[in-house]
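Engineer: Found this in TrEMBL, in case it helps:
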{"type": "BINDING", "residues": "R49, G50, A51, R86, Q187, N238, K239", "note": "substrate binding site"}
{"type": "SITE", "residues": "C148", "note": "site 'Transition state stabilizer'"}
{"type": "ACT_SITE", "residues": "D228", "note": "active site, proton donor"}
Amino acid sequence: MQNINATSLRVLDNRLWILDQQALPQQKNWYRVTTVHELIDHVRTLRVRGAPLIGLTASLLLGLLAEQGMSRTELLSALAQLLAARPTAVNLMNNLARMGEALATADYSDAMGREALRLVEEDRALCEAIAGHGATLVSPGSRLLTHCNTGGLATAGIGTALGVIRRAHRQGKVKQVWVGETRPLLQGGRLTAWELGELSIPYTLICDSMAAGLMARGEVDAVWAGADRIAANGDVANKIGTYGLAVLAHYHGVPFYVAAPHTTHDAACADGDRIPIEQRDAGEVTGVSGGFGSCRWAPEDAEVYNPAFDVTPASLISAWVLDSGVITTGQVAAGVFRRPLVS
Ligand code: MRU
């Protein structure tokens with residue numbers, strides 16, 4: 001397979017490597033991935049995370065295993081196991097559907113590798129297109145708030161919502177980037193902060209609970225978030241806390257934008273209530289852990305509720321910025337998400 005060099009994903013001499021996103025930014029640990037079992041563990045522990053990246057990494061591993069001579073039966077079983085690695089982000093299912101089509105061909109051992117590479121190349125192009133469309137919505141002098149991490153770490157390219165911010169910043173239109181820390185796993189505080197630093201884009205880190213006060217003071221001009229699944233009615237599942245930001249934005253009259261590739265769209269899912277929401281381990285809420293070490297602050301017997309995602313209803317979203325262009329609320333009401341999207 002051709003080499004790939006992305007922010008958090010590499011293929012070098014037919015070997016797959018992932019950057020541990022749980023250890024960043026304190027440690028830059030690259031792990032070689034050789035088996036489906038290893039990758040599922042990396043995905044479940046969020047060493048590999050972000051909707052597009054999960055699907056691409058799974059596809060690349062299958063492509064490499066096919067090239068190494070794994071049988072069709074074994075590949076089918078590997079694909080089924082990977083499908084169940086995380087339930088909410090539909091990019092994994094959409095990418096693996098494409099890999100399944102390649103697996104069904106006569107020359108699957110080459111076709112799967114080619115398809116995985118195509119998915120990576122496409123993802124890069126989708127990110128660029130999203131950034132181009134999204135930047136048109138950013139006014140000069142904007143103060144933008146973003147949540148979680150939707151950048152190069154979460155994709156093979158420049159990212160989705162963070163790609164928009166990056167492009168708008170390059171165009172000189174961004175005055176301020178507010179980065180929400182994104183409890184419990186701190187994808188904003190650890191990953192987005194690190195990425196923006198690497199890109200020399202100034203940012204200000206806030207606790208999630210500070211967004212309301214900032215909006216009340218008129219210091220946020222727009223919120224930009226990514227998506228893990230866009231349902232047929234335009235509802236969006238994304239990192240826990242996104243819905244709260246959308247409610248706040250609505251109350252304060254601040255536009256709330258969702259940026260995502262069409263691989264995040266699920267026409268078969270009627271609305272947000274039908275999106276499966278992953279529930280995660282209590283330890284993520286009773287303390288913190290990462291490259292900085294770990295600590296626990298809650299009582300040993302604390303009951304915990306820890307959904308990884310929440311659903312933002314379409315009614316709170318100002319526009320959906322996809323690779324195909326800016327989708328308006330009117331288009332969503334007319335059913336644009338009820339059919340498969342074409343890039
Ligand atoms: O649990 P995570 O870190 O995988 O959640 C990631 C998000 O919610 C992102 O906003 C989403 O996947 C879009 S990434 C381009």
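Glycine residues also receive a Cβ, built from the backbone N, Cα and C atoms like all the rest.
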Engineer: Validating a neighbour-count step here. Other CB atoms within 10 A of the CB of G50 (substrate binding site): how many?
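Structural biologist: G50 (substrate binding site): 29 neighbouring Cβ atoms within 10 Å.
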Engineer: Which residues in the same chain, at least 6 apart in sequence, have a Cβ under 8 Å from the Cβ of Q187 (substrate binding site)?
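Structural biologist: Looking at Cβ-Cβ distances below 8 Å from Q187 (substrate binding site), excluding near sequence neighbours, one finds Q21, R49, C148, N149, K239.
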Engineer: Give the number of CB atoms, excluding that of C148 (site 'Transition state stabilizer') itself, located within 10 Å of its CB.
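Structural biologist: So the number of other Cβ atoms within 10 Å of C148 (site 'Transition state stabilizer') is 29.
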Engineer: Going through the binding-site residues G50, A51, R86, K239 in sequence order, which have a CB under 6 Å from an atom of ligand 1?
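Structural biologist: Only G50, A51, K239 meet the Cβ criterion.
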Engineer: Could you tell me the C-alpha distance between the residue listed as 'active site, proton donor' and N238 (substrate binding site) in angstrom, no decimals?
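Structural biologist: With distance taken Cα to Cα, N238 (substrate binding site) is 5 Å from the residue listed as 'active site, proton donor'.
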Engineer: Tell me, by DSSP, whether Q187 (substrate binding site) is helix, strand or coil?
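Structural biologist: It is helical.
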Engineer: Around the recorded substrate site, report the further residues of that chain (criterion: Cβ within 8 Å of the mean position of the Cβ atoms of R49, G50, A51, R86, Q187, N238, K239; site residues excluded), sequence-ordered.
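Structural biologist: Apart from the listed residues, the neighbours are I54, A89, C148, N149, A154, G226, D228, A308, F309.
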Engineer: Can you tell which of R49, R86 has the most other C-beta atoms within 10 Å, given these are the binding-site residues?
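Structural biologist: Sorting the candidates by Cβ neighbours within 10 Å, the top entry is R49.
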